[in-house]
Amino acid sequence: MAAAALSLNNSTSTNSPTLNSHKPISKFTSLTKPTNVSFNFLTNTPPRLQHFRPRPSVSESSLSVPKEADAEIEADDVEDDPTQELSYLDEETDPESITEWELDFCSRPILDIRGKKIWELVVCDGSLSLQYTKYFPNNVINSITLKEAIVAICDDLGVPIPEKIRFFRSQMQTIITKACKELDIKPIPSKRCLSLLLWLEERYETVYTRHPGFQKGSKPLLALDNPFPMELPDNLFGDKWAFVQLPFSAWMNGLEVCSIETDTARGSLILSVGISTRYIYANYKKNPVTTSEAEAWEAAKKACGGLHFLAIQEELDSEDCVGFWLLLDLPPPPV
């Protein structure tokens, strides 16, 4: 698999060699600021990132079936009921190894019998070995409810209190942060909740739209922020840039860097970090050639389902990276 990529070079060399012996079909050096930008594209088109489907499984307690009943309930039958809650831990996974969660606590486009929107807690880990969902009425949404729910998950599934919890909604930061701190959990506001975001997209199609209380056309109560980009802090400046594509085997995870995008209107690169922070990462001289190359890079990124990465190197032709971020530019979830 290949991916669209951005490479930052800290050297002052004016040469622009490519990475891993890949020959670019075009390149360009900026004449603006102290930052040089070059767009390098390969002739091969990367495949689209395949979407995944979480393993359907629910806890015995969520089925409302008497213990005396001997009939076995298949997972597929349970999955057909969109009102069911989910409590699942992969039996092959060591519970002690699940130390980081991804969490969403928000309303859904579903009305309860009072005509009020139902809220839902959705929790998973990065591998979906842990999956948990629970519905709540809108009049109990606070940090105490969330704290009790986190403890209940640990008790029900036999997993330890997590060390970190990532969440992507800035509007829920106060509630989530308070609940986490009372349990000595580190809250991490970040859009790098990749498994959770993909799972929410999946649940919208397979669960929410099939729920008897579903409200078609209902807008998300807590929309994601997309603030205007700020100037980049001095410590993040580089001297040379290149857009390339590298094999999947060269990738690794990094920090809370979320995505890179091009702003062809302003001739700049935008870096998204954390939950709602965007920086002007670099500027380039805007002309028809650079605009075309930036658009081609965005198209290559889209063709991989948003998969791309940022690499920081001492020299542009070096195979070693001093910083590396595997990124996935996902659209906002439909809920």
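Every residue, even glycine, has its Cβ placed from backbone N, Cα and C.
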Check: Under TrEMBL, which of the candidate ranges 1-27, 163-189 is annotated region 'Disordered'?
Finding: 1-27
Notebook entry, point to check: How does the domain 'RNA-binding protein Tab2-like N-terminal' (101-203) divide up by DSSP, counting helix, then strand, then coil residues?
Noted result: 41 helix, 34 strand, 28 coil
